[in-house]
């Protein structure tokens, strides 16, 4: 397979971790980074990470880019994606990780700039025009002739969808309520401050457990249409830096037991969802999953059963590292299918 040339727009938490996840992959070459922050600061943030540790590669800053193990990656600082030099840099795919260009119109500016495809590392605001693809769930629906812009949804949807798929495929999921207990993120302030849309979200991240809204559960229907109208959810933002956990309470169509649900999860984790869905029956806590590349890790010891049709299951996820690895996996899956279609 010819190397996939990738550009990154927005070198924040996800942008940097996508690069970390893919930098040693022989099938990927990063050809450009766009961010308003100067290259020397970007290099520093890439090299030293308070959550995931120091990058083991050699990192050096230049006036116009970053050098990683001798490989130079140009850095530019352009506000309008349509003016980016993706064509000149030879970018096949662009990871749109600013959080700003999540609809078709915004993401298509990268195509105007010469990119061939765009992967939005966030939920799309334009689900009717931008297909949502999750590795292990519906990535096989990628159509090279149509899907020039795709969304990888959110880290929480990536965690919930494999769990919901296993439940629905084996027992039928009739309705469910999800809660994600989510690590704090960059959008939250360190101390109390104003927040236009969400007053509670403006409270100090390190001081509070903050109830919040999330579209992650409803978004599962974008990749599993049979679950449309059957799932919704909410979030609690908690003062931990990384690793989150999904709690799904649900009814099944088929009478079953928690033991059978665990068996189905274990089978999927070793078979069709290997590498995507993990499984543990050990006495684990959140930090045990820091650096885990799975989208979702089913915790057999944490779930409960009320009766033969009503259950609660729990699944962990490294909301930064697991998600960033899925972005890389999705790009590789897409380019492989694209190259096969071209033969």
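Using N, Cα and C of the backbone, Cβ positions are placed for all residues, glycine too.
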Identity of the NAD(+)-site residue among 121, 269, 272 (reference: 13, 14, 35, 79, 319, source: Swiss-Prot): 121
Further D-glyceraldehyde 3-phosphate ligand in Swiss-Prot, beside 154, 155, 156, 214, 215, 237, within candidate set 185, 190, 280: 185
Among 13, 79, 182, the one of these recorded positions whose Cβ has the fewest neighbouring Cβ atoms within 10 Å: 79
Among the NAD(+)-binding set 13, 14, 35, 79, 121, 319, as the record gives it, the longest Cα-Cα distance in Å: 27
Mapped DSSP class for residue 13 (NAD(+) binding site), helix or strand or coil: helix
Within 10 angstroms of residue 13 (NAD(+) binding site), Cα basis - binding-site residues out of 154, 155, 185: 185
